[in-house]
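Feature annotation from Swiss-Prot assigns topological domain 'Extracellular' to 1-37, 94-118, 184-191, 267-279. The N-linked glycosylation site feature in Swiss-Prot is assigned to Asn29; the stated evidence is sequence analysis. If you look up Swiss-Prot, you'll see 38-63, 73-93, 119-140, 164-183, 192-211, 241-266, 280-300 marked as transmembrane segment. The topological domain 'Cytoplasmic' annotation in Swiss-Prot covers 64-72, 141-163, 212-240, 301-317. For Cys315, the entry in Swiss-Prot reads S-palmitoyl cysteine, with the evidence type sequence analysis.
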Amino acid sequence: MPVQGSQRRLLGSLNSTPTATPHLGLAANQTGARCLEVSIPDGLFLSLGLVSLVENVLVVTAIAKNRNLHSPMYCFICCLALSDLLVSGSNMLETAVILLLEAGALAARAAVVQQLDNVIDVITCSSMLSSLCFLGAIAVDRYISIFYALRYHSIVTLPRARRAVAAIWVASVLFSMLFIAYYDHAAVLLCLVVFFLAMLVLMAVLYVHMLARACQHAQGIARLHKRQRPAHQSFGLKGAATLTILLGIFFLCWGPFFLHLTLIVLCPQHPTCSCIFKNFNLFLTLIICNAIIDPLIYAFRSQELRRTLKEVLLCSW
């Protein structure tokens with residue numbers, strides 16, 4: 001969040017997008033070529049962040065309020081919501097400070113602003129890493145609940161879940177501090193990209209295996225009740241569609257940001273890569289959108305959580 005220059009958002013040292021009036025159009029890159037640039041209006045960015053913030057606060061509140069939701073699965077879901085909350089909140093704070101500085105409504109020394117920028121960047125980066133980790137943890141938890149159903153409660157205990165949560169948070173903070181300190185080292189950026197790909201592969205393998213097991217189970221039930229094959233095919237199509245949506249949203253929302261990091265290492269001066277760098281704010285907006293979608297996929301599908309959430313909202317009124 002530098003006071004001057006072109007850097008506007010999270011991890012300002014990675015962002016080469018110049019401040020511009022919100023638009024969708026052609027912009028000149030460093031070589032004079034024309035390329036597509038999508039600028040996100042500050043109002044839209046803040047609005048999406050606010051929606052995500054409120055949504056995830058409700059999830060955390062509902063899980064904390066209902067003791068029936070104090071299980072390992074909901075522990076991971078709560079931590080995912082907390083991570084998404086921090087992603088949205090830190091980006092909103094950074095954007096608000098930038099706007100206040102640009103408007104002259106906030107006066108601060110460059111050293112103070114730089115320290116604030118470092119703190120916000122660490123919070124944002126650590127919450128991003130923890131969000132990815134908790135998405136993977138939820139996938140592992142669901143996998144164990146399906147393939148080791150009889151031993152699930154002895155394998156995934158609340159103390160073990162809490163230790164896993166603590167390890168994820170500590171590792172996320174430590175690695176984010178290293179990333180902020182050594183952002184200009186290619187190895188650091190590549191480690192982040194490899195981490196993202198590892199989470200993507202982990203989730204894909206686990207969910208595909210779970211889908212295959214569910215299809216086998218449905219086929220067995222169909223044979224037991226002598227149902228016709230189309231019913232089993234319909235179940236398989238619905239499962240495949242759900243899996244495609246889940247992994248597709250994950251890749252669409254997170255992929256562009258990590259593509260950005262990859263291109264910084266591979267082609268920092270190439271005209272085509274420079275065009276992609278100009279859309280850094282768009283990539284951050286997609287991550288905010290993921291923070292909005294996560295509760296819809298992982299939290300609000302629970303009837304117990306929805307009931308608790310309704311009670312929380314009614315009590316607040």
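Backbone N, Cα and C define each Cβ position, glycine as well.
Long-range contacts of the transmembrane segment (241-266) within the same chain: residues 14, 132, 135, 186, 189-190, 192-193, 196-197, 200, 203-204, 207-208, 211, 273, 276-277, 279-280, 282-284, 286-287, 289-290, 293, 297, each at least 6 residues beyond the stretch ends and with a Cβ under 8 Å from a Cβ of the stretch. Contact counts against the transmembrane segment (164-183), taken as Cβ pairs under 8 Å, peak for 73-93 among the stretches 38-63, 73-93, 192-211.
Ranking 73-93, 119-140, 192-211, 280-300 by CB pairs under 8 A with the transmembrane segment (38-63) puts 73-93 at the top. Listed by sequence, the residues of this chain that lie at least six past the ends of the transmembrane segment (280-300) yet keep a Cβ under 8 A from its Cβ atoms are 8-10, 14-17, 38-40, 44-45, 48-49, 51-52, 55-56, 58-59, 62-63, 77, 80-81, 84-85, 87-88, 91, 128, 131, 135, 138, 246, 249-250, 252-254, 256-257, 259-260, 306, 309. Helix first, then strand, then coil: DSSP counts for the topological domain 'Cytoplasmic' (301-317) stand at 14 helix, 0 strand, 3 coil.
Residues 129, 132-133, 135-136, 139-140, 142-143, 146-147, 179, 236, 239-240, 243, 246-247, 250-251, 254-255, 258, 261-262 of the same chain sit 6 or more residues outside the transmembrane segment (192-211) yet have a Cβ under 8 Å from a Cβ within it.
Note on the topological domain 'Extracellular' (184-191): DSSP counts are 6 helix, 0 strand, 2 coil. Sorting the topological domain 'Cytoplasmic' (64-72) by DSSP state (H, G, I as helix; E, B as strand; all else coil) yields 6 helix, 0 strand, 3 coil. Note on the topological domain 'Extracellular' (94-118): DSSP counts are 19 helix, 0 strand, 6 coil.
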